[in-house]
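Participant: From Swiss-Prot, here are the annotated features:
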type     : residues : note
TOPO_DOM : 1-7      : topological domain 'Cytoplasmic'
TRANSMEM : 8-31     : transmembrane segment
MOTIF    : 12-18    : motif 'RxxxFSD motif'
SITE     : ILE23    : site 'Hydrophobic filter residue 1'
SITE     : LEU27    : site 'Hydrophobic filter residue 2'
SITE     : LEU30    : site 'Hydrophobic filter residue 3'
TOPO_DOM : 32-52    : topological domain 'Extracellular'
REGION   : 37-42    : region 'Short helix H1'
REGION   : 44-50    : region 'Short helix H2'
TRANSMEM : 53-78    : transmembrane segment
TOPO_DOM : 79-84    : topological domain 'Cytoplasmic'
TRANSMEM : 85-110   : transmembrane segment
TOPO_DOM : 111-117  : topological domain 'Extracellular'
TRANSMEM : 118-142  : transmembrane segment
TOPO_DOM : 143-154  : topological domain 'Cytoplasmic'
TRANSMEM : 155-181  : transmembrane segment
TRANSMEM : 184-199  : transmembrane segment
TOPO_DOM : 200-203  : topological domain 'Cytoplasmic'
Amino acid sequence: MVEAPEQSETGRIEAFSDGVFAIAITLLVLEIKVPQHKIVETVGLVSSLLSLWPSYLAFLTSFASILVMWVNHHRIFSLVARTDHAFFYWNGLLLMLVTFVPFPTALLAEYLIHPQARVAASVYAGIFLAIAIVFNRLWKHAATADRLLAQKADRHEVDAITKQYRFGPGLYLVAFALSFISVWLSVGVCFVLAIYFALRSNA
């Protein structure tokens with residue numbers, strides 16, 4: 001007999017999610033383009049590679065952010081024993097946003113030193129703000145819905161995660177607001193937040 005979605009184990013959805021995270025994080029490097037021969041012949045290969053620093057910066061920030069998301073996503077699934085339809089859809093929305101990250105990453109890399117850099121930075125910070133909101137909603141549903149958490153889930157750990165994740169949307173909102181004032185501050189906040197949540201995930 002096939003199990004109902006609300007009674008199913010989390011293995012399939014976690015495996016699918018891992019694949020999506022892996023693909024999204026791999027696609028980031030495709031936006032770092034190999035210098036064209038015409039440019040190399042003019043300024044040299046070293047200078048051409050160094051001129052790609054906006055792409056390196058955008059790649060590093062997005063890679064760190066997606067990696068930390070994946071770690072925290074795994075953390076959620078280590079505490080969840082069952083899923084329901086709402087959990088499926090919140091997780092699906094999260095994955096949709098994650099797969100979109102390579103686009104604002106490429107946009108930021110292309111326009112980081114362009115007069116339209118603030119627009120690119122706002123799109124970049126905006127996607128992570130949206131991810132933070134959905135991530136919180138996914139966890140809130142898992143933590144409060146009846147019977148989704150595993151019996152072994154420690155209540156103190158659940159409460160600690162809830163408090164930790166609660167700050168995410170507000171902090172990314174700061175990064176989004178800063179994008180209209182200073183591109184560098186906005187991107188810097190996004191990078192620092194990736195480090196912050198990486199450290200907190202081990203707390």
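Yeah, the Cβs are placed from backbone N, Cα and C, and that goes for glycine too.
Note that the structure is a prediction, hence the values are computed from the model and not measured.
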Participant: Excluding near sequence neighbours, so keeping only residues 6 or more apart in the same chain, what lies with its CB under 8 A of LEU30 (site 'Hydrophobic filter residue 3')?
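Facilitator: Once residues fewer than 6 apart are set aside, LEU30 (site 'Hydrophobic filter residue 3') is near PRO102.
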Participant: Using Cβ atoms only, which residues of the same chain lie under 8 Å from LEU27 (site 'Hydrophobic filter residue 2') while being at least 6 residues apart in sequence?
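Facilitator: Looking at Cβ-Cβ distances below 8 Å from LEU27 (site 'Hydrophobic filter residue 2'), excluding near sequence neighbours, one finds PRO102.
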Participant: What are the non-local neighbours of ILE23 (site 'Hydrophobic filter residue 1'), defined as same-chain residues 6+ apart in sequence with CB under 8 A from its CB?
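Facilitator: In sequence order, the residues whose Cβ lies under 8 Å from that of ILE23 (site 'Hydrophobic filter residue 1') (at least 6 apart) are THR99.
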Participant: What mean pLDDT does the predicted model reach across the region 'Short helix H2' (44-50)?
Facilitator: 90
Participant: Kindly report the helix/strand/coil residue split of the topological domain 'Extracellular' (32-52) according to DSSP, in that order.
Facilitator: 13 helix, 0 strand, 8 coil
Participant: For the transmembrane segment (8-31), could you work out the same-chain residues 6 or more beyond its ends whose Cβ comes under 8 Å from its Cβ atoms?
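Facilitator: Those are 55, 58-59, 62-63, 66-67, 69-70, 73-74, 77, 80-83, 88, 91, 95, 98-99, 101-102, 105-106, 109, in sequence order.
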Participant: With Cβ-Cβ distances below 8 Å as the criterion, list the same-chain residues six or more beyond the ends of the topological domain 'Cytoplasmic' (143-154) that contact it, or say none.
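Facilitator: Sequence-distant neighbours of the topological domain 'Cytoplasmic' (143-154): 79-84, 86-87, 161-162.
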Participant: Six or more residues out from either end of the transmembrane segment (118-142), which same-chain residues have a Cβ under 8 Å from its Cβ atoms?
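Facilitator: For the transmembrane segment (118-142), the nonlocal Cβ contacts are 58, 65, 69, 72-73, 76, 79-80, 86-87, 90-91, 93-94, 97-98, 100-101, 104-105, 107-108, 110-112, 148-149, 161-162, 165-166, 168-169, 171-173, 175-176, 178-180, 183, 186-187, 189-190, 193.
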Participant: Cβ under 8 Å, sequence separation of at least 6 from the ends of the topological domain 'Extracellular' (111-117): give me the contacting residues as numbers and ranges.
Facilitator: 54, 57-58, 183, 187
Participant: Based on DSSP, tally up the residues of the topological domain 'Cytoplasmic' (143-154) by helix, strand and coil.
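Facilitator: Within the topological domain 'Cytoplasmic' (143-154) the tally stands at 2 helix, 1 strand, 9 coil.
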